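Here's what TrEMBL has on this protein:
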type: BINDING; residues: B:Arg201, B:227-228, B:241-245, B:258-265, B:Asn279; note: FAD binding site
type: DOMAIN; residues: B:3-181; note: domain 'Electron transfer flavoprotein alpha/beta-subunit N-terminal'
Amino acid sequence: MKLLVPVKRVVDYNVKIRVKPDGSGVELANVKMSMNPFDEIAIEEAVRLKEQGKATEIVAVSIGPAQAAETIRTALAMGADRGILVKTDATVEPLAVAKILKKLVEQESPQLVIMGKQAIDDDANQTGQMLAALLGWPQGTFAFKVALDTNTIDVTREVDGGLQTVSLTLPAIVTTDLRLNEPRYASLPNIMKAKKKPLDETTPETLGVDVAPRLKVVKTAEPGGRKAGVKVGSVAELVNKLKTEAGVL
Amino acid sequence: MTTLLIAEHDNAHLKDATHKALSAAAALGGSVHVLVAGNNAKAAADAASRLAGVEKVLLADNVAYEHQLAEPLAALIVSLAGPYDAILAPATTTGKNVLPRVAALLDVMQVSDITKVVSPDTFERPIYAGNAIQTVQATDPKKVITVRTAAFPAASEGGSAPIETVNPAADPQVSRFKGEEIAHTDRPELTSAKIIISGGRSLGSAENFTKYIEPIADKLGAAMGASRAAVDAGYAPNDWQVGQTGKVVAPDLYIAVGISGAIQHLAGMKDSKVIVAINKDEEAPIFQVADYGLVGDLFTILPELQEELTKAGH
């Protein structure tokens, strides 16, 4: 069974981002970039399925600038077999990403697409659901556990009240939540080997997808700040302040 | 302008998330219809009809909608979408699951997790875990929007909208509900609680959550939450997680116990009205957003807090 895993290059999880003073966006120059953490979980899950003998090939895809090839190399070092870079310098919104991925799914015919539930830059949480819609496939979002069979996949999902398990007919889309697995670090030999794995390149234009944005970003601003309050000396003082000063007890 | 709001419910009850998303729907202007899709969901539809500002309730009552599976539910919403200018849902796990599917089927770019309606086509939404606020204008003729419920007040009751039954749409039949583990508790839900007490990894065990956090939650009628670290360590269930990728909450009072305050956690609670931080590390970033900070060992502070609350009549 072939698996397709989209991976996104985003500002590293540990970086405290800065809003540009002119309100035009977030400062991305000279900022450390990494693979979206949820996508690392997606790659890890795919590699485990391959190690269990349930998957035969893992194709990692990234949509972005030339440097997104590094993100694909990371996926290859973790265990993906080959990569496809859809090269563009434009900002590609989730709907357009889903359209590009649909074209690649039609070319590659995977039985399962595993992807992160959201990217930690735009926090949209849309692409997996949109890709499922465009393909007419079922979706197992926010996956906590997956059990892959020949024709079906059972996905246990993290939902507001607890967990829900759905059984999906393949082909299907799975989006990962935090506790699906703990991604491995790529070993040095695997990083070296990844450099030799095939990485193809295409563009949205070649695939015939219009990536013109549908959302116009009017401005980007700092969130309303919160000031540090006071330190209290005792529990009694705390309760007293919550009662009389804050009025919340 | 007419808006279709997708109700959040469990067939028997309408969830508070619906009341809050209704306030966002009302802010768009024009009339609001509420869709209750469920199985034996008349009670939830009745509750929706009593919300102030609802013009009409649509009830799709069919076994296919019992568990809110995305595939049949999206097909239903798309079948009803024609006359509506906007389709809204609260950004709960149900809304986040189904609405992007609807958006793609309508060829619309969704606006996720809005925190403010600037005008009927322009919205504010947080990006980068709330470290920046983006104002976006949606150019698609139809708007598909999820609403961050913590950012909107709950709509009040006082309406008496008519309930209209709508036909189910064809079920794509590619997904099936298999089971669920839902915690049944008398506590308020995290996303609608007035008071929340959350614990971090410093609690050290699930037993300590029960021993130290729970009695205070009981006294205050509070919901219990946790940091990602505490959930990952297995001290608290996953649905307690507050943060960028967990639940976003804005209670009147948020008590963070043994939580250092990673940006991903702050993203989930920094809009709380009053924040209390209890931590032994006085340099912990949580103190930078806390209104009241108490430095010390949580294992001595929490029993004291319990005692003081009793004295204060709780």
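Note that Cβ sites are derived from N, Cα and C of the backbone, with glycine treated the same way.
Those TrEMBL annotations? Automatic predictions, nothing curated.
Just so it is clear, the model here is predicted, and its values are computed rather than measured.
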Filtered binding-site residues - B:Arg201, B:Gln244, B:His265 - keeping only those with Cβ under 8 Å from chain A: B:Gln244
Candidate with the highest Cβ count within 10 Å, taken from the binding-site residues B:Ile259, B:Ala262: B:Ile259
Listed in sequence order, residues with CB under 8 A of B:Gln241 (FAD binding site) and six or more positions away: B:Gly225, B:Ala226, B:Ser227, B:Arg228, B:Val231, B:Lys247, B:Gly268
Candidate with sparsest Cβ neighbourhood (10 Å radius) among B:Arg201, B:His265, the listed binding-site residues: B:Arg201
Cβ neighbour count (within 10 Å, all chains shown) around B:Gln244 (FAD binding site): 22
For B:Ala262 (FAD binding site): DSSP state (helix, strand, coil): coil
Reduced DSSP assignment, B:Gln241 (FAD binding site): strand
